[in-house]
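Taken from Swiss-Prot as is:
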- ASN34: N-linked glycosylation site (CARBOHYD)
- 107-127: transmembrane segment (TRANSMEM)
- ASN135: N-linked glycosylation site (CARBOHYD)
- 136-156: transmembrane segment (TRANSMEM)
- 169-189: transmembrane segment (TRANSMEM)
- ASN203: N-linked glycosylation site (CARBOHYD)
- 228-248: transmembrane segment (TRANSMEM)
- 265-285: transmembrane segment (TRANSMEM)
- 305-325: transmembrane segment (TRANSMEM)
- 367-387: transmembrane segment (TRANSMEM)
- 459-479: transmembrane segment (TRANSMEM)
Amino acid sequence: MGVIGIQLVVTMVMASVMQKIIPHYSLARWLLCNGSLRWYQHPSEEELRILAGKQQKGKSKKDRKYNGHIENKPLTIPKDIDLHLETKSVTEVDTLALHYFPEYQWLVDFTVAATIVYLVTEVYYSFMKPTQEMNISLVWCLLVLSFAIKVLFSLTTHYFKVEDGGERSVCVTFGFFFFVKAMAVLIVTENYLEFGLETGFTNFSDSAMQFLEKQGLESQGPVSKLTFKFFLAVFCSLIGAFLTFPGLRLAQMHLDALNMATEKITQTLLHINFLAPLFMVLLWVKPITKDYIMNPPLGRESVPLMTEATFDTLRLWLIILLCVLRLAMMRSHLQAYLNLAQKCVDQMKKEAGRISTVELQKMVARVFYYLCVIALQYVAPLVMLLHMTLLLKTLGNHSWGIYPEAAFPLPVDNNLPANSAYPELPSPDGKMKVTVTQITVALSSLKNIFTPLLFRGLLSFLTWWIAACLFSTSLFGLFYHQYLTVA
């Protein structure tokens, strides 16, 4: 069935499903409109008049007249008014007015489609074990990551358009902080953080040098280690800046969800969900993984509990389970955000003075209209973690089995095919075969340059970095909302 075969059929079927079925059955829409989320409606001006004890006024002498029309003063009411907001379940009609709803729906539904394609491809590879096919599910995962980063970039740019500049300063500050943090992490020896980045880069550099030598080119390598780490740190600083406000918002929703939760099991799950990025970070700390998990000290001797391959598999499964937990707790966090409308009204009642009815209505309505922005800030990091883990499993040559039958060897053989390996076919009909052979040899050379060692080190670091950024920003947000703001 060609170069891609069955995988191409799966991709075409999924594209058809996205076009025909998802507009009618959408997970993104169901997460918001399943009846569990309730939003607060802003009161009408007539209701506010009745609560304030004011009657509908006609034209009075106090009204100022400009150019033939009457300009009424804005209606104001006391801030300590006895106002109780009415709630309503989120419906599909309500979502039409939400900011960023199309982006939210596209990201979630495309992620679901990409995950299904990945699962089908994994089943296909486990049974058929093809060796000459391109794994097209990797393209889907890369597209998901690109869409998630694009959405986070779009949300971050809005903070730079605000005239006050407070949010812009926060993004820039955290960006520089994460750049310094990334440079510090990249110079730490692998005795503490076992990404395998040093080994992977060394293997990549040696393979690239050997490939260039076989092409008759003299080179000391494609890029120096310092340059590689510098550009990687710049990329990490951008990721950290994009994840700044999602982490800060998560901290506020976590505190509100804890106050809203009444059952102990819900509170426990909320705590685990908040600490999930920390658990992911600790999975790559070598003193913990090597000394206490893989080789726990039992008496005077340390007994090997599992192999490195088994621990790598357990690490993948744990990250996926924590991602599933975060998705399951999404409803609690979004409802905690929607409750901010009533919380703002309660806070207003404690203040003295008056407020215009228009400002009050905007204050209440603004919470619901930005629901999808908050949902994107919650979902996008989750999507990045999940599909970065899937890429790590496939490109890093890991296994899903806890006890694999045989270890998956990492190809480190640098014997690359030479230029003269192309067979010469003098007949004109053989030109197509020559082209196919050249493409095959080129792909084989690329596989020998970009080895699983490189992908394992790079993707392990990026997965760890996303979790570290989330935990750092959410921890700062927890401290800020708990101690630096007035409740």
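Glycine is treated like the rest: Cβ placed from N, Cα and C.
Within its own chain, the transmembrane segment (107-127) has Cβ neighbours under 8 Å at 6-7, 10-11, 14, 17-18, 22, 26-28, 31, 135-137, 140-141, 143-144, 147-148, 151, 376, 379-380, 383, 386-387, 390, 394, 400, counting only residues six or more beyond its boundaries. Calculated from their C-alpha atoms, the gap between ASN135 (N-linked glycosylation site) and ASN203 (N-linked glycosylation site) amounts to 23 Å. On the backbone, the CA of ASN203 (N-linked glycosylation site) and the CA of ASN34 (N-linked glycosylation site) stand 50 Å apart. Minimal Cβ crowding within 10 Å, among the glycosylation sites ASN34, ASN135, ASN203, is found at ASN34. With a threshold of 8 Å between CB atoms, the same-chain residues lying at least 6 positions outside the transmembrane segment (367-387) that come near it are 31-32, 39-40, 90, 94-95, 97-101, 103-104, 107-108, 111, 114-115, 141, 144-145, 148-149, 151-152, 155, 243, 245-246, 249-250, 253, 280, 319-320, 323, 326-327, 330, 333-334, 337-338, 340-341, 344, 463, 466-467, 470.
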